[in-house]
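Trainee: Structure below; questions to follow.
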Amino acid sequence: MRLSGPQTEVRAGYFVIEFEHVPAALRPLYLQVSTSNSFDTIVQTVPVMGDFEQVTLTGFESGHYFIRATHEDTVVSETAINVTVSHYPVWQALTLFCIGALLFLLLLITLISGHKKAVNND
Amino acid sequence: MTEFALDTHTALFIIIGFALAWIAFGVWLGRKNKSHEDFALAGRNVGYAFAAATAMATWVTSNTTLVAPQLTYQLGVWGMVGYSFAALGLLLFAPMAKRIKQLLPQGYTSGDFIRLRYGRFAWGVFIVISVVYAFGWLVSLGMAGGILLEALSGLDYYIGMTIILAMCVGYTLFGGLRAVIATDFLQALIIIIGVAVIAYWLIDNVGLTSIHTELSQAHPQLLDLLFPAAVMFLFNNIFFGLGEIFHSNVWWSRALSFRKDVAYKAYITGGLLWLPIPIVTGFIALAAPQLGIFPASADMIGPAVASSVLGKAGAIVVFIVVFSALASSLDSLLAASSDLVTQDIYHKLIKKKATDQQLMRFNRYCLLGLGFMTWLLCLPRIATLGALLNFAGAFVASTIWPIVIGLYWRRLQGTFAGLAMAAGTIAGLIAYFWIGFYVAALVSCAVSGLICAAGVVFNKRQFSWHELQESRQ
């Protein structure tokens, strides 16, 4: 069976892995995630839910990850796939956060002052 | 073969039982609808308890029951906390609802206000935004119904989605806004009790320490307070929530249907009741890795985890809670959107001398048509719920500034308001595709705000509030 994953860099730490033509005999299916192509260290072993043909993985830090499918400790995927996670830079996130906070504060001031003005006019 | 928490027949039995009960209730309530005002605005006489319940229940939707866990699964702790900040939409709408009732005592829709305050150009842009949003939300709700049933019982997505849509169209068609608000009241009670039960069972069965240990080791990003995408998402979600509530006729029609002096208190109460719900539903997703649950699609995580932890009885509770949440929003949106089309397009553009009975009949046809179009758009299952909803964020966040300024200040005129909404939407969409869904609303709101600020500075003409008083035929 063949695995497929995101073709571009993952920017938010979560992604979907799909697999084609999984025979019933290969269920339950597991995905092994490792940081090396040789799978010396397994970071995660993920059970695939039911008989779905995809799984959503999450919570990854920036780095390169290799993923393969197993059934009863036997590797059943043709090849391991490589997924690169590269989070947005923190400065970019914090800049947007600060713009958001400023914008929200301005909105709050506009709304409260407008409301007070309307109440006074009543 | 997948083992589901509920067998398909039990799920079908519950859903059909609920559908028949709600439709019968709608028919019974509909007996009191004598005029279009009764049908569309429940006679403008809704009291505090029903008003607060409908505000809370309508805002508890697929967003809170399915998307809050989805975003927590994807973005971690910030996804959960950030989601609860959407309560700010209800809280900040409270003073605006009072102002709306004061400025438009005989108004029907949010479109009425935009047309009278800003003129045709801004109204046209606003209607496009409202239609895109309404369909985005309707489709996400219809999809959520199908996904819920599929995740819990294995029932085919298309069958589940069809039954939920048909039920909501059914009772809204017969009972109008009166049925929507009355069912919302019951659904709010079910949601509050159900969520409390789920929270208790989860804390009792899955310890916080074991969840924290598992997340720290295998999914550290979910606990990281400087998770970049999640940090970007925080204010984006706030502006998305504000845009949804500030512009949507769902909330305006409620403000106009409440008794005098009820709207402010009702929205504050509704917001405070709503605030903890995403925290509870989001927490469910954090338990997923510890339980060895990794969903096919991120939006299935809530029901999948809850039914795994709570067993069959729990699955039934989850099913009823989420089903109630979906129905309470779907019916509200169907009613409010058909009011908007009836009042703003049919009555104002197509048939200006339509009688009360003609308006009521058109409103019902419109409901049927909206339900059918939603069903068609739900068929392809085009995106995850979160992605679909946040796409609409680029549209609705552009309306925040024109609406707030338009309600309280006289200086902003129609051209700038229309441009602010159009440019904000375009900028938000560019950000959606260029960066990600977690910045679309923020960028849209910022660009719209800048244009509104320019409009206030450059315009010298003062709007007269009397221009909002439109004679009714």
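Heads up, the Cβ atoms here are built off N, Cα and C, so glycines get one too.
TrEMBL labels come from automatic prediction, so no person has curated them.
Sequence annotations record features per position, and here TrEMBL assigns transmembrane segment to B:12-29, B:41-61, B:73-94, B:121-149, B:155-174, B:225-246, B:267-293, B:313-341, B:362-382, B:388-409, B:416-435, B:441-458 (among others).
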Trainee: Of the stretches B:12-29, B:121-149, B:362-382, B:388-409, which racks up the most C-beta pairs under 8 Å with the transmembrane segment (B:441-458)?
Mentor: B:388-409
Trainee: Which one of these stretches, B:12-29, B:121-149, B:225-246, B:313-341, has the most C-beta pairs shorter than 8 Å to the transmembrane segment (B:362-382)?
Mentor: B:121-149
Trainee: Grab the same-chain neighbours of the transmembrane segment (B:267-293) for me: Cβ-Cβ under 8 Å, and only residues 6 or more beyond its ends, written as numbers and ranges.
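Mentor: Counting only partners 6 or more residues beyond its ends, the transmembrane segment (B:267-293) has Cβ contacts under 8 Å with 48, 51-56, 59-60, 64-65, 68-73, 76-77, 79-81, 83-84, 86-91, 93-94, 97, 188, 191-192, 195, 198-199, 202, 206, 210-211, 214-215, 218-219, 222, 255, 301-302, 304-306, 308-309.
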Trainee: With pairs 6 or more apart in sequence, are the transmembrane segment (B:155-174) and the transmembrane segment (B:313-341) linked by at least 3 Cβ pairs under 8 Å?
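Mentor: Output yes: the transmembrane segment (B:155-174) sits against the transmembrane segment (B:313-341).
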Trainee: Have the transmembrane segment (B:41-61) and the transmembrane segment (B:388-409) got at least three CB pairs under 8 Å, pairs 6 or more apart in sequence?
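Mentor: Output no: the transmembrane segment (B:41-61) is apart from the transmembrane segment (B:388-409).
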Trainee: Under a Cβ pair cut-off of under 8 Å, which of the recorded stretches B:12-29, B:313-341, B:388-409, B:416-435 contacts the transmembrane segment (B:121-149) most often?
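Mentor: Per the Cβ count, the answer is B:313-341.
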